[in-house]
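Presented below is the structure to which this report refers.
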Amino acid sequence: MYGASDPAAADRTAFRRAEKQYKLYKPPNLKGRSRSRSRSKPDGVEGGCGDLSAVVDFHALLAADGELPAGIGRSNCAGFDHPVFCFLDRPGFYFIPGALSTEEQCYWIRESLKTFPQPPNRTNLTAIYGSISDLFVAAKNRKILVEVENSDVQEKEQNNGDGKTESKYSKFVEDSEIQKGEGCRSTRATTLMRKLRWSTLGLQFDWSKRNYDVSLPHKRIPDALANLAKNMAIPAMPFGEEFKPEAAIVNYYGPSDMLGGHVDDMEADWTKPIVSISLGCKCIFLLGGKTRDEVPTAMFLRSGDIVLMAGEARERFHGVPRIFTESDQQEISALVSQLSGEDDCFILDYIKNSRININIRQVY
């Protein structure tokens with residue numbers, strides 16, 4: 001799903017070459033930035049650092065409000081209040097720029113960090129540390145996770161979610177509570193927050209088996225998220241049908257993270273869209289073809305943008321080769337202003353160098 005079986009062969013594909021191009025891109029220095037942006041749009045890569053001239057910027061197209069470039073269209077959907085763009089040769093793909101207000105973005109960032117990693121939702125940390133409650137609060141308060149295997153003091157049976165049960169006692173403590181020489185492992189909660197890469201909501205996805213495991217404990221997707229997904233899915237839904245959110249995967253990107261080219265193919269009905277919400281730092285999104293040999297189209301995804309992929313678009317390889325954290329902080333200046341309060345300091349420090357993606361799916 002997230003990589004090729006033959007890495008050497010993958011390096012020779014058009015999709016892999018595009019991934020490398022944008023991952024290795026180095027922004028020009030501030031002195032030459034305005035001049036660089038005013039150049040005409042050449043094809044390919046220039047100089048040693050490449051350029052972003054071929055990257056589609058739907059926000060710029062929306063602001064220009066003029067004739068659209070060849071191959072790009074506007075999708076008109078009755079009763080849908082947001083502008084929607086599409087690629088004429090790639091049916092089933094819809095781009096909704098600025099779909100969420102700054103207040104809505106901040107709400108979902110908070111939920112993604114505070115609520116969505118909470119048990120029974122599983123994360124990439126579950127298999128290593130067991131269920132972790134209140135990770136965000138512990139990280140904000142600079143606490144430390146202490147683990148004691150087979151403890152005689154307090155032993156608690158934990159199910160890792162993969163059918164295996166082990167004895168593990170873990171809790172968050174202050175620095176001063178850790179006894180030197182105590183037989184336990186410890187990890188700072190802030191470190192765990194930075195190691196967080198995904199969490200699953202609703203029906204739980206089993207990454208090892210690549211399917212949804214209905215036997216795993218889970219809660220319904222929160223009503224507010226389900227309603228948002230239903231409303232935003234309208235442009236991609238068959239006439240007269242309503243999107244039914246049953247599962248979601250939340251991806252957390254650090255400064256150097258990427259998501260390799262893959263196809264989301266584990267849901268039963270591909271006519272129903274994946275509703276993908278972008279939060280935090282800007283990224284480059286690649287939309288390719290049904291094989292990695294087809295040259296992908298690159299586009300910017302910014303905080304508050306929503307992408308829909310349904311039907312034929314579900315068969316196309318796509319990925320995120322690059323997020324932008326080194327510069328261009330003006331891209332999230334509205335978020336910085338909104339999260340400037342004392343209670344949000346930890347969230348602000350996190351989101352300045354991170355991207356969060358919530359993608360909601362109808363499984364059956």
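Every residue, even glycine, has its Cβ placed from backbone N, Cα and C.
Caution: TrEMBL annotation is automatic and unverified by curators.
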Pick from 19-46, 103-130: which range has region 'Disordered' per TrEMBL?
19-46
Most Cβ neighbours within 10 Å: which of the binding-site residues His262, His318 is it?
His318
Can you give the mean pLDDT for the domain 'Fe2OG dioxygenase' (244-364), rounded to a whole number?
94
Around the Cβ of Asp264 (Fe cation binding site), the count of other Cβ atoms that are within 10 Å:
18
